[in-house]
Every structure is written in C-alpha cells, then in structure tokens.
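Just below is one structure, and these are the notes that go with it.
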C-alpha cells in the first residue's frame with residue numbers, strides 16, 4: 001500500500017552530487033548527539049504543545065477578567081494553536097536561509113515576548129495580537145525545527161525517535177496544567193503569564209542544542225579551502241600594501257633620519273598607514289559579511305520558492321497533495337473531543353465519575369504510549385510505516401463516529417483510550433512526509449502539512465459549536481467531522497494506486513511499439 005518516491009516517479013534530485021566526493025557516515029546519525037536532538041525536541045513539545053493544551057486554565061481567568069463571550073475569548077487559544085501550525089510554510093523559508101538553530105532561538109525569544117506582553121493585556125483584542133499572533137509565530141519557529149532536526153539525525157530508528165520526542169506533548173499537558181493552575185492561584189493570571197514567559201526562554205537553550213549535521217570529509221574540505229583563501233587574501237593585501245609604498249622604508253629616508261624629530265615623524269606616518277589598513281580590512285570584512293548574507297538569503301529563497309512553485313514543486317506529487325487534503329480534516333477530529341467532552345459528560349450526568357478520572361486525561365495518557373508503541377512497530381523491518389499510519393487513522397475515525405453512541409462512563413473511557421492510542425500516529429507524520437519528498441525538502445513539506453493541521457484546528461472547534469447551536473446536540477459534530485476525516489483517508493488510499501498504475505500502462509505501450 002505504500003508508495004515510495006521511486007514508485008510514484010517523483011524525485012527532487014537529493015543525491016545528484018553524492019558520488020562526486022567520498023563521504024563517510026556521520027557517527028552522530030542514529031546515535032551520539034542525535035539523542036540530544038531528541039531531548040531538545042522533547043522539551044520543545046513540553047513547553048509549546050503542553051502549554052497550549054493547558055490554556056483552558058487561562059481561558060477561565062480571561063472570562064472572569066474581561067467579561068466577554070465564550071466564543072470571543074476562545075479565539076485567543078485557537079489563534080495561538082492555529083498560527084503555531086499555519087506559519088509552517090513561512091518558517092520553512094527561515095530554515096532554508098538561517099538554519100534550524102538560529103530559527104529556533106529567534107522563535108524562543110519571540111514566544112517568551114508574547115507571554116510577557118500578554119501579562120499587561122487590557123482587553124481580549126490585545127491578547128489576539130500578543131498571545132495569539134506573537135506567541136503563536138514564536139511557537140511555530142521553534143516547533144518546526146524541532147521536528148525537522150529529529151528527521152535529519154535519524155535513519156534506522158526515525159519513527160521511534162519521533163515518537164519519543166513528541167511524547168512531550170502528553171507530559172507537558174500534565175505539567176503545564178498543574179503549573180499554570182498553581183501560578184494563577186498563588187500569584188494571579190498576569191504574574192503567571194510573566195513567569196511562564198521567563199520559563200519559555202528555555203526554548204532558546206533547546207534551539208542551541210540543534211547542532212547542524214555536517215559530514216566530516218566535507219567539513220575538512222571547507223576548512224582547507226577557507227584557510228587557503230585567507231592565506232591568499234593576506235598575501236595579496238601585503239603585496240598591495242607594499243606596492244603602494246605605505247610600509248616601504250626607502251634607503252634615502254633612513255640616511256636622512258639623523259635626529260629624533262625626523263624619527264618621530266616617520267613613526268607617525270607608519271602608524272597612520274596601519275590605521276588606514278585596519279579600516280580598509282574592517283570595511284572588507286563588513287562587505288564580505290553582507291555579500292555572504294545576501295547569497296544565503298537568495299539561495300534559501302530559491303530553494304523555498306522552487307519547492308512550492310518550481311518545476312520540481314511539492315504540489316506535483318499527487319500523493320503529497322492527497323496528504324495535504326487528509327491533514328485539512330484529520331486534526332479537528334482529534335481536537336474536538338478535547339473541547340466538547342466535558343459538555344457531553346455533563347449532558348449524560350457523568351460529572352462525578354469524570355471528576356475522579358477525566359476522560360481527557362485518559363486520552364492524554366494513552367496518547368503518550370501510542371506514540372512510542374506505534375513508533376517501535378513502524379521501525380520493524382517487516383512492517384511498513386505507511387500501513388501502520390493508515391491502520392491508526394482507520395481506528396481513530398471509527399472511534400470518532402461511534403463516540404456519540406456511548407452513554408456510560410466505561411464505554412466512553414474505552415473509546416477515549418482508543419482515540420488516545422490511535423492518535424499516536426502524529427509521531428509518524430514526519431516519517432511519512434520524509435519518505436514522500438526526501439530529507440532535503442522535509443522542512444518545506446512538513447511545514448505545509450502542519451499548516452493544513454493548523455487550519456483544521458482553527459476552524460474545527462468553532463464549526464462544531466455552530467452545529468451544536470443549530471441542533472442542540474454534539475452528535476452531528478462528531479458525525480460530520482468523522483465523515484470528512486474518512487474522505488481524507490480515501491484520498492490517501494486512491495492516489496498511491498493511481499501512481500503505481502501509470503508506469504505499468506506506459507510499459508505495456510512500449511512493449512506494443
């Protein structure tokens with residue numbers, strides 16, 4: 001069922017120059033510093049995704065503070081979660097130009113700034129800008145590099161590494177919920193956001209751990225070339241200086257310099273010449289830095305532009321386009337239960353049992369194990385990651401469609417546990433994306449996927465609330481979202497079959513000729 005890049009006839013030419021130079025395998029791949037990358041990504045998921053899962057605590061505080069409608073206040077959290085994912089394609093441009101490390105560090109500063117500025121909010125609209133947009137963009141600038149770096153450092157155990165790193169979402173949901181609840185109780189919500197902003201500065205540390213992956217041979221080659229260029233530049237500048245006569249000591253001046261005044265004047269001239277040389281060298285360094293920055297920006301933009309709009313555009317891959325359509329419907333089916341389950345429990349008079357062990361907590365706990373277990377299964381040599389991904393999706397959509405039929409706490413708990421486990425396929429999304437487009441285009445491709453997820457997260461819950469206002473039931477919200485989710489899965493099933501069928505038709509035509 002899985003279609004690789006060779007099967008679908010889609011190749012970006014990632015290894016076009018691989019055979020030109022002998023390259024040794026990097027010891028950090030699948031080991032060494034790779035596990036520090038997993039730790040960094042794990043902490044990023046705790047600080048970003050975990051804190052976003054705990055925004056219900058702050059949402060209650062904002063309702064009491066600003067006395068606005070629930071719908072308007074809820075847009076603050078929706079904007080933050082949605083923009084974190086929607087900005088993915090634009091963050092891919094930053095990664096192409098600056099790299100993952102610099103992008104993540106800048107994003108950490110921006111995210112912390114959004115939290116701190118939100119502590120001084122005077123109304124909900126102020127929070128739209130500071131928390132929804134500023135903190136959301138900062139979160140996106142850290143989240144995408146955290147996922148991309150794990151994909152670059154792992155090959156054999158890629159699914160397991162992604163599963164371990166993304167378990168930070170579940171752990172963060174518990175930690176950040178308890179932390180924000182304690183801070184709001186002890187210090188108030190404004191001071192709590194200020195403290196959380198200070199904690200978010202640790203995202204810069206996580207970004208600093210994202211060391212670029214270099215090959216040993218190419219690195220030595222670059223160093224030798226840079227040393228040769230520096231030596232040539234210094235010799236060339238020395239020859240230029242001598243030809244200009246700045247440091248050239250003429251014999252006639254040496255003979256005439258018989259007193260101290262003449263000697264002092266000569267020293268003054270030499271010092272002036274050296275200062276002019278220093279200024280010229282400083283200017284050359286600035287010019288060189290600016291030129292290198294211009295080349296980097298142009299090269300990064302060219303890669304980003306060609307990935308989206310060039311001849312080798314990502315959108316020419318039909319399986320990837322089907323993957324985007326699936327992402328537009330999938331994420332809302334996971335978010336809607338988190339938002340509307342408390343109301344469903346209240347309608348069924350199950351609040352007492354739910355207070356003992358909330359259904360959303362069951363989803364979060366089992367979600368952690370689902371990511372790890374599905375990652376281990378996908379890394380087995382006899383198992384296809386694509387098939388595991390599809391089976392998890394089928395299980396999740398079945399649970400979404402049957403959840404409204406469950407009216408007891410036990411049956412709801414079983415369905416919620418299955419939702420949590422099957423939604424562990426989120427850890428497989430970067431792996432499937434990389435199998436479709438390659439490591440070189442992973443940042444841009446995965447940026448598009450999480451952008452589609454962001455749109456789904458932004459529009460899904462309000463759509464479900466609108467359906468409830470019309471029907472006064474949550475049943476239709478789950479049915480409609482489940483059916484749309486099924487449409488996305490059907491697109492994933494159809495496209496690989498079409499792509500595999502086309503080469504066979506061409507081969508039969510060639511045989512007839």
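The backbone N, Cα and C atoms fix where each Cβ goes, glycine too.
According to TrEMBL, the compositional bias 'Basic and acidic residues' annotation covers 250-264.
The domain 'Major facilitator superfamily (MFS) profile' annotation in TrEMBL covers 37-500.
Sequence annotations record features per position, and here TrEMBL assigns region 'Disordered' to 245-264.
Residues annotated as transmembrane segment in TrEMBL: 33-55 (among others). Sequence-distant contacts of the transmembrane segment (33-55) (same chain, at least 6 residues past either end, Cβ-Cβ under 8 Å): 76-77, 80-81, 84, 104, 111, 139, 142-143, 146-147, 149-150, 153-154, 161, 164-177, 179-180, 196, 199-200, 202-203, 206-207, 209-211, 338, 364.
For the transmembrane segment (75-96), the residues of the chain that approach it from at least six positions outside its boundaries are 48, 52, 55-56, 58-59, 62, 103, 106-107, 124, 127-128, 131-133, 135-137, 139-141, 143-145, 148, 299-301, 303-304, 307-308, 331, 443-444, 446-451, 453-455, 457-458, 461-462, judged by C-beta separation under 8 angstroms. Here TrEMBL flags 75-96 (among others) as transmembrane segment.
The transmembrane segment annotation in TrEMBL covers 103-121 (among others).
Panel annotation: around the transmembrane segment (127-148), residues 40-41, 44-45, 48-49, 52, 62, 75-76, 78-88, 91-92, 94-95, 100-101, 103-104, 106-115, 117-118, 121, 162, 165, 203, 206-207, 210, 430, 442-443, 446-447, 450 of the same chain, lying at least six beyond its termini, place a Cβ under 8 Å from a Cβ of the stretch. Per TrEMBL, transmembrane segment is recorded for 127-148 (among others).
Look at TrEMBL and you will find 160-180 (among others) tagged as transmembrane segment. Non-local neighbours of the transmembrane segment (160-180) in the same chain are 34, 38, 41-51, 53-54, 56-58, 146-147, 150-151, 153-154, 192, 196, 361, 364-365, 367-368, 371-376, 378-379, 424, 426-428, 430-431; each lies 6+ residues outside the stretch with a CB under 8 Å from one of its CB atoms.
The feature transmembrane segment is assigned by TrEMBL to 192-214 (among others). Taking Cβ pairs closer than 8 Å, the transmembrane segment (192-214) reaches residues 26, 28-29, 33, 36-37, 39-41, 43-44, 47-48, 51, 58, 99-105, 107-109, 111-116, 118-119, 138, 142, 145-146, 149, 152-153, 179-180, 183-184 in its own chain, all 6 or more past its ends.
Per TrEMBL, the feature transmembrane segment maps to 319-339 (among others).
Marked as transmembrane segment by TrEMBL: 359-377 (among others).
The transmembrane segment feature in TrEMBL is assigned to 384-403 (among others).
Non-local neighbours of the transmembrane segment (409-432) in the same chain are 147-148, 150-151, 158-159, 162-163, 165-166, 323, 334, 337, 341, 344-345, 350, 353-354, 357, 359-360, 362-367, 369-375, 378, 385-386, 388-389, 392-393, 395-396, 399-400, 402-403, 442, 446, 449; each lies 6+ residues outside the stretch with a CB under 8 Å from one of its CB atoms. For 409-432 (among others), the entry in TrEMBL reads transmembrane segment.
The transmembrane segment feature in TrEMBL is assigned to 444-464 (among others).
What TrEMBL records for 476-494 (among others) is transmembrane segment.
Long-range contacts of the transmembrane segment (384-403) within the same chain, counting only residues at least 6 positions beyond its ends with a Cβ under 8 Å from a Cβ of the stretch, are 1-3, 159, 326, 330, 333-334, 337, 370, 374, 377-378, 412, 415-416, 418-419, 421-425, 428-429, 431-432, 435, 478-479, 481-483, 485-486, 489, 492-493. Highest Cβ pair count under 8 Å relative to the transmembrane segment (476-494), across stretches 103-121, 319-339, 359-377, 444-464: 319-339.
Sequence-distant contacts of the transmembrane segment (444-464), counting only residues of its own chain at least 6 positions beyond either end whose CB sits under 8 Å from a CB of the stretch, comprise 71, 74, 78-79, 81-92, 96, 143-144, 147-148, 303-304, 307-308, 314, 320, 323-324, 327-333, 335-336, 339-340, 429-430, 433-434, 436-437, 474, 477, 481.
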